[in-house]
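Novice: One structure, pasted below without further comment.
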Amino acid sequence: MPRLEELANVALRVPSILVLDLLYKCDIDGLTEHLKAKNEDMLFKYKYVIWNMYYLGHLINVVVLVLPLRHIVTLYLHILAALLLYVGHQISKDYVREEVQYGYEGAVYLDSLAFNRFVSALTSQIILSTLCAFLMKTRKVWLFSAHMLPLLARLCAAPHATLLTVNTFSMGLTGAGIAMFLLSNLFVPYRLARAAYSELLQLEVIELYRLLAVGISLWNQFAVPVLFSVFWFVLFVVQLCSDTMTGNASAGHQGIMFFLLTSVSECCATPYSLLGLTFVVSYLALGLLNLCKFYLGGYAAVQNENVMHRGVTEGVTLLLLALQTGLLDMQALQRTFLLSIILFIVVTSTLQSMIEITDPVILALGASRNRSLWKHFRGLSMCLVLLVFPGFMAYKISQFFHMDFWLLILVSSCMLTSLQVTGTMLIYSLFMVELFRSDPIDSLDEVIYWVNAVSRVLEFVVALCVVAYGTWESLFGEWSWMGASVIIIHSYFNVWLRAQSGWRSFLLRQEAAKKINSLPRATAEQLQQHNDVCSICFQEMSSAVITYCGHFFHGNCLRKWLYVQETCPMCHQAVRPSPPGPSQGSGDARQHRRRETRGQIWLHKTEIRPLAVLQRRPRVTQFLLERRQRRLRRPPVANLMKTHQTTITEKPSKAFVSAPVETLSAL
């Protein structure tokens, strides 16, 4: 039953939007000019009547659109009953006309033809009256039997002139009843509006968040996205059938793609249809993104929703571009070409979202050493599609339009999608090469960084060209508030924030490299005396750097750590490019010994290790197990006291020791 209510809630509101769309397309000015050409007096009489009817039609349909569902159902039942009454009067009118033409005024049961016509008409009238009573939920069938008066008069052998009079009287009686009913319910919309206003006052929607909650509730109650999507789909099907039946020769000569684009452009000529197309594009993008998630990760990946992967970005992009370029004010052919460019941008945005879904999946397959060939095949096939399809789109649009600077920017942004996929597949290939090597690639991190950097720089250049060209068009071309707003938003999010993030990342890497180069390298004797693994990657150290707090790390591992943190992973002292002073160094050493003692006790109790590292390196796992067995043979506190020559006097701080372990686990 709730499903039926949801279906009725959408289906019964669609006709109101269709009527509003038709009213918007009506050329009232053209109609008044036509009346003016015929007669000046007729224009004076009917001009204001036509405009009042136009505005009244808008008002009535808007009121019907926002009515509660039960009132809409009641309204449609009354409209259906009125149609049945009209059909009944048409049957009576046809019966009276046939009787007059036949010319027989005697008793109906004495003539077989007259009797058959009478029985057929009477049966139809009884059925219609019963249906009207059923729709109005009453047993008083006689209230809807006024159209049966001509039949009763004919049964009484009334003359033909009397039949015509009785037929006219029955129509007037039905019209008077309908008028009385409308007058008695004239103020129903006003009472509903007053009741809704009273409910809003009781909710105290003066505060912004309450008003927003009420708006969201009404949005969900009216099912606005589904409602406008169904409306646009109905409009598109009607337009497609109309174009197919008329046999548009030019559209058929251009091909099926141009034919579909022409039909779509005809269905976005009004604000209502443009809003419907926005929701349809949003739902199509959402379905495509969910299909991509399902193909890569199964049903569980579809359940893990991302706010940015719901198709909202694509729908909003279509709406903003249509409003900025004045799509509604163009002719049909111009609207078709402009809509094709807008849809090209929307598809490019959808492909970008698909890359954001595919990129972490394919990189995780390479980094985690996953052995499932089917998962690798799905990831690589999706990357192949995302690599080839943008090039195909760029080729098609370059064949469809004359190449200029603006179209070159669009094609470049589309080709950047293929470039990003190429970078992702290159990083995946490096991961797979490292899998079959006995020792890891030392410069893998640098290669990955520069591959991503090249892609980001090209994206930044394209975004900068878009801003420059848009600014030029706004200053020396057609300026508008909408265009200026889009340029400002694009400049901030796609140029300024992107440049700021990239420059900050570059400076962090430069600072980390400077710190690593300033640290001393461990000698072979120091490594043999240390006899431990790197605390970051848990691998044996053939070479290492020594921090000024006395800890040994791989140079590459410590550099990756310094991209995120500027302190030592073990004791949280600042890693400086120059050695500390004597007094500061002694104080830092005492603080280091105290913190290291606490950290090692806590690590001994928890034994947290990154699972992916242990799975990837069996030798490290064996080494950790042996070290744990040695620790179990000797009390850990005595071991620590022997190593550091200090006394444990207080319980380790959980807030202090949890930070480095959590950061290590994240890395």
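Cβ from N, Cα, C; glycine included.
Residues annotated as domain 'RING-type' in TrEMBL: 534-572. According to TrEMBL, the region 'Disordered' annotation covers 574-598. The transmembrane segment feature in TrEMBL is assigned to 48-67, 74-92, 112-134, 141-163, 169-190, 211-236, 256-286, 337-357, 377-395, 407-428, 448-472, 479-497.
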Novice: Restricting to the same chain and to residues at least six past its boundaries, which positions have a Cβ under 8 Å from a Cβ of the transmembrane segment (337-357)?
Specialist: 261, 264-265, 268, 281, 285, 288-289, 292-293, 296, 308-309, 313-314, 317-318, 321-322, 325, 327, 330, 382, 386, 389-390, 393, 397, 400-401, 407, 410, 413-414, 417, 420-421, 424
Novice: Would you kindly list the residues that approach the transmembrane segment (377-395) from elsewhere in its chain, counting only those six or more residues past its ends and only Cβ-Cβ distances under 8 Å?
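Specialist: Those are 292, 295-296, 344, 347-348, 351, 354-355, 358, 361-362, 365, 411, 414-415, 417-418, 421-422, 424-425, in sequence order.
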Novice: Counting Cβ pairs under 8 Å that are 6 or more apart in sequence, does the total for the transmembrane segment (169-190) and the transmembrane segment (74-92) reach three or more?
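Specialist: Contact confirmed: at least 3 Cβ pairs fall under 8 Å.
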